[in-house]
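*Asks:* Below is the structure I would like to discuss, written out as structure tokens.
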Amino acid sequence: MTNLLDLTFHELESLIVSLGEPPYRARQVWQWLWQKSCRDVATMTDVSKALRTRLAEVAVIAWPAVAEVRESRDGTVKFLLELTDGERVECVIIPEKDHFTACLSTQVGCAMGCGFCATGMLGFRRNMTSGEMLGQVLVARQYLLDKGAVLALRNLVFMGMGEPLLNYDNLVKTLEALHHPQGLDMSGRRITVSTAGVARHLLDLGRMGLCALAISLHAPTQALREKIMPGAAKLELSKLIDILAQYPLKPREKLTFEYLLLAGVNDADANARELVRLLSRVKAKVNLIVYNATPGLPYGPPAMERVLAFQEILKSKGLTTTIRKSKGGDIAAACGQLRAECAGGE
Ligand code: SF4
């Protein structure tokens, strides 16, 4: 059975035409899927009974099932979601000043093997379909509606389990569906794709203009990157920066570099100076993230004085630098932690 959430608008149109209906019916069905959170074809009341019957014979609407929800004291909510084949992924929603941001997964597990990441420890299991990626948005939005939350889900970051650019075709389908005006109608300014760097897709993604880009850098030298991010380091750091120097940016737009501070590993003054040198060739801003300790992994967060000293060096060299507080520390909100816990540390 086809999951209707996996179809692009044009694929849905073709399906509807193949069932003997005019293509404009696709718009109605699309609105039911993405604007009205419909989960059963039979409830699409303004669609003819004949089309509903025929659609139900060939397709379903399969949202990811919520296997577990954990709510943090700081308002962060983490979902463990079960996909139709029993695989599990995580999705987190984070409260900001006037909205929620959802952190979405793109793969079950991850092949990149970053040493500080619980998902990396899992290894790669499979790519998520576009319907599964978008299903996370539907689940998160519904949860907030059911809770009567004052703040709405407005921003999306593809920063959960997996390397988005290693699931490129499904990522692009997902981004296109997010933009569709009769669907979720989300602006690219509200969507960020975070990548450790996959050479063959970076510039294409930029040219499409469907999202902002964040680079998970985490190390200022090739040697250190090889140590803590062996998969990502297969693309030489200097080559990554060469590619990013060509990345299409709007006037005043900057690339965001995520830098996870790991105590005693990449948080020294010398590392900050190396980072300044590395980023001198690109229009950059830096997001410092204090590591959320993960059971079983040999890394810890630096003291706040160290974080501030690191930031000060970057700022003194003119680099816009913010510190992102880790949220949801009490609910295993770091990537892959909840799945690992619920699988008995699989
Ligand atoms: S940090 Fe991201 S790229 Fe690295 S292993 Fe974890 S999920 Fe994969």
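Don't overthink the numbers, they just go from 1 along the chain as shown.
For all residues, glycine too, the Cβ spot is worked out from N, Cα and C.
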*Asks:* Which of these, Ser187, Ser194, Ser316, does TrEMBL say binds S-adenosyl-L-methionine at the same site as Gly162, Glu163, Ser216, Leu217, His218, Asn292?
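*Replies:* Between Ser187, Ser194, Ser316, TrEMBL records just one in the S-adenosyl-L-methionine site with Gly162, Glu163, Ser216, Leu217, His218, Asn292, namely Ser194.
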*Asks:* When you measure from the Cβ of Leu217 (S-adenosyl-L-methionine binding site), how many other Cβ atoms are you left with inside 10 Å?
*Replies:* 27
*Asks:* Over all pairs in Gly162, Glu163, Ser194, Ser216, Leu217, His218, Asn292, the listed S-adenosyl-L-methionine binding residues, work out the largest Cα-Cα distance in Å.
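*Replies:* Value for the max Cα separation, rounded to a whole number: 19 Å.
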*Asks:* Roughly how many Å lie between the Cα atoms of Glu163 (S-adenosyl-L-methionine binding site) and Cys110 ([4Fe-4S] cluster binding site), rounded to a whole value?
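*Replies:* Here the two Cα atoms lie 6 Å apart.
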*Asks:* Please report the distance from the Cα of Cys110 ([4Fe-4S] cluster binding site) to the Cα of Glu90 (active site, proton acceptor), rounded to the nearest angstrom.
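*Replies:* Cα to Cα, Cys110 ([4Fe-4S] cluster binding site) and Glu90 (active site, proton acceptor) are separated by 13 Å.
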*Asks:* Return the members of Glu90, Ser194, Leu217, His218, Asn292 (the recorded positions) with CB less than 6 angstroms from at least one atom of ligand 1, or none.
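*Replies:* Within range of ligand 1: none.
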*Asks:* Out of the recorded positions Glu90, Cys114, Cys117, give me the one sitting nearest to Leu217 (S-adenosyl-L-methionine binding site) by CA distance.
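*Replies:* When the Cα distances are compared, Cys114 comes out closest.
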*Asks:* So what sits near His218 (S-adenosyl-L-methionine binding site) in its own chain, CB-to-CB under 8 Å and at least six residues off in sequence?
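*Replies:* Looking at Cβ-Cβ distances below 8 Å from His218 (S-adenosyl-L-methionine binding site), excluding near sequence neighbours, one finds Cys114, Phe116, Arg225, Ile228, Met229, Glu258, Tyr259, Leu260, Leu262, Asn266.
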